[in-house]
Amino acid sequence: MASAVTCSAAELLPHLGSSANATAAAEFICGRFSAVSEYLTHTTYAVDTTYLLFSAYLVFAMQLGFAMLCAGSVRAKNTMNIMLTNVLDAAAGGLSYYLFGFAFAFGAPSNGFIGKHFFGLKEFPSQAFDYSYFLYQWAFAIAAAGITSGSIAERTQFVAYLIYSSFLTGFVYPIVSHWFWSGDGWASASKTDGNLLFGSGVIDFAGSGVVHMVGGIAGLWGAFIEGPRIGRFDRSGRSVALRGHSASLVVLGTFLLWFGWYGFNPGSFLTILKSYDHTTRGTYYGQWSAIGRTAVTTTLAGCTAALTTLFCKRLLVGHWNVVDVCNGLLGGFAAITSGCAVVEPWAAIVCGFIAAWVLIGFNALAAKLKYDDPLEAAQLHGGCGSWGIIFTGLFAKKEYVNEVYPGFPNRPYGLFMGGGGKLLGAQIIQVVVIIGWVSVTMGPLFYLLHKFKLLRISRDDETAGMDLTRHGGFAYIYHDEDEGSSMPGFKMTRVEPTNTPTPDHHNRSVNVVV
């Protein structure tokens, strides 16, 4: 916040002489100063709140990106199902985060493990939090749930989505965010009592671990417990591609996610109207500059990962694949999310380059282990998110760390930047505890759903497609009532890949893959 403009009539009086009106003049002048100070304070609150709300809207727009990405990555017969689950993530997550999640995450004062205030936003707003902060954090929570829904797509019962989404956003995710983002969290870099883990705390600025790893590891357990989709691996164990029905939707979803990431990463500063120390730079440099730098590092990491994936997959499979490039781009974003505010732009290029290889490697391992994730969500968000956390421990710059996390000038920073290994040690601990926590919470939940036959749909339903058997019909409905139509015999039938001769263009029946 801006420094308050203070004025004391007693201090001002000697400068006004000994006239009879001096006291009244001093009080009047100080009154004007107080009014200006109050106005500037209100303006600062308004500017910062507007910035945070705008960032929240951008992060929420990522839900549309997830929906489009998921829809394009599944087969047409399951489009309505996956779209509905994305709506559900936001709706169910909104209520559970309102009732419990925000309190568990940021309900201070509390212990290092879990928050215990603000249930149902009681006693809101406060000196520490306003409603805009809740909205921003809710958007993050439902993003984690959206990641998980992609891993278990095309074979999961609708009731399972309701249960896991509420549990993840209301309990599992908030506990992790409390550990690493709350001022009371045991591993938070912003811990208010100064007792920081390894003297640094964990730097996970926008959530490579808190959001992406949590969603990815949860999805890993869900997909592992319910097993691969029918036909994903043949009888000899070879991988069979069950390609999504629309690359166009995948690209649309990717660009929407890219757009939303500018609220995800730069928005995590929470405020914009804040100046920095001007001893080394001019007054032009402040938190607004750090926000711009964060947007640049985010962009460079994603672009590098996309190009690396493009050429690597060309060498591996022999053609250019836009879906692989989109996933590589998102992998770069997931990786840079941890250190986006504390690394140089050139380091972001290194982050994106390695993130692409991490994704390619985990995808190869998944195929070898017969693990089926339609959106590569566990590999992308879990694997690349883990790399991003380690990357921060290697490349965090001292100057940027002290700007973003002030108050501790001797705080450790990146190993490769001369800051020693303490920060890297804290980052490794974050990776381990997130894997452990999500595994012991979401793993048993998915196992119980499986045991009570609430997790996976029947074989017949999966073969026919959930849109038809569970949602009243296909997402794509075609009507051709125009007598002058060039395709009067248009119909929808199931088509399997076969080696067929060139189609007869005089045949008036058209097949559509569903």
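First residue shown is number 1, and so on along the chain.
Yeah, the Cβs are placed from backbone N, Cα and C, and that goes for glycine too.
Note that the coordinates shown come from a computational prediction; the quantities given were computed from them, not determined experimentally.
So that you can see what the record holds, here are the features copied from TrEMBL:
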type	residues	note
TRANSMEM	49-74	transmembrane segment
DOMAIN	51-476	domain 'Ammonium transporter AmtB-like'
TRANSMEM	95-114	transmembrane segment
TRANSMEM	134-152	transmembrane segment
TRANSMEM	159-181	transmembrane segment
TRANSMEM	201-225	transmembrane segment
TRANSMEM	246-264	transmembrane segment
TRANSMEM	346-366	transmembrane segment
TRANSMEM	378-396	transmembrane segment
TRANSMEM	428-449	transmembrane segment
Considering only Cβ pairs within less than 8 angstroms, which of the stretches 95-114, 246-264, 378-396, 428-449 has the most against the transmembrane segment (201-225)? 378-396
Taking contact to mean three or more C-beta pairs under 8 angstroms, with sequence separation of 6 or more, is the transmembrane segment (159-181) in contact with the transmembrane segment (246-264)? no
Do at least three CB pairs under 8 A connect the transmembrane segment (95-114) and the transmembrane segment (246-264), leaving out pairs fewer than 6 apart in sequence? no
Between 95-114, 378-396, 428-449, who has the most Cβ pairs under 8 Å to the transmembrane segment (134-152)? 95-114
